[in-house]
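K.L.:
Right, I'll just put the structure down here and ask away after.
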Ligand code: RTP
Ligand code: MG
């Protein structure tokens, strides 16, 4: 099953949005495979956002993502990479549609609440960057006999 890497950015953590964001993906029907609250080192930030190295906002981006705890997650499900990007909304919250995460909670492009992998290649790369294989859990949601 397809997996994606999602991360509540420092602004989302500071604003107590972890629960609401997790809830959206749970309610959509995706399966959580791993999650942790963590600090991002400069080295990890530069690797993660390596594709933007030459952009004028790179320094600010690295400074922001290392500024406080993030909530890193791996989610699993059919077409989860593209679906999660749709649920996040456009990069600039001013263009993100209402009912998307950035549309509902964000204001400015530099602090847009959540990161999500943009392709199968990025998902594979980012999951490996942030998670050890032992931190990801494979399980089935089939035994419902204990839910009343
Ligand atoms: P992300 O990687 O964080 O999920 O965001 P994204 O794919 O929607 O956008 P991307 O083009 O990958 O840009 C990465 C992050 O850089 C910041 N940014 N600032 N000042 C600017 O013009 C500008 N453009 C991009 C955003 O915080 C964006 O999420
Ligand atoms: Mg991106």
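Every residue gets a Cβ built from N, Cα and C, even glycine.
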K.L.:
Looking at ATP binding as recorded in TrEMBL, which candidate out of 9, 20 goes with 57, 85, 91, 102, 112?
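P.N.:
Answer per TrEMBL: 9.
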K.L.:
Taking only the Cα atoms, work out how far residue 112 (ATP binding site) lies from residue 122 (phosphoserine), in Å, as a whole number.
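P.N.:
About 19 Å separate the Cα atoms of these two residues.
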K.L.:
Given 9, 112, 115 as the recorded positions, which ones have a Cβ positioned under 6 Å from some atom of ligand 1?
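P.N.:
Near ligand 1, sequence order: 112, 115.
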K.L.:
Using the alpha carbons only, what distance in Å do you get between residue 91 (ATP binding site) and residue 115 (active site, pros-phosphohistidine intermediate) once rounded?
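P.N.:
The Cα atom of residue 91 (ATP binding site) is 9 Å away from the Cα atom of residue 115 (active site, pros-phosphohistidine intermediate).
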K.L.:
Under 6 Å from ligand 2 by Cβ, which recorded positions from 57, 91, 112, 122?
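P.N.:
Within range of ligand 2: none.
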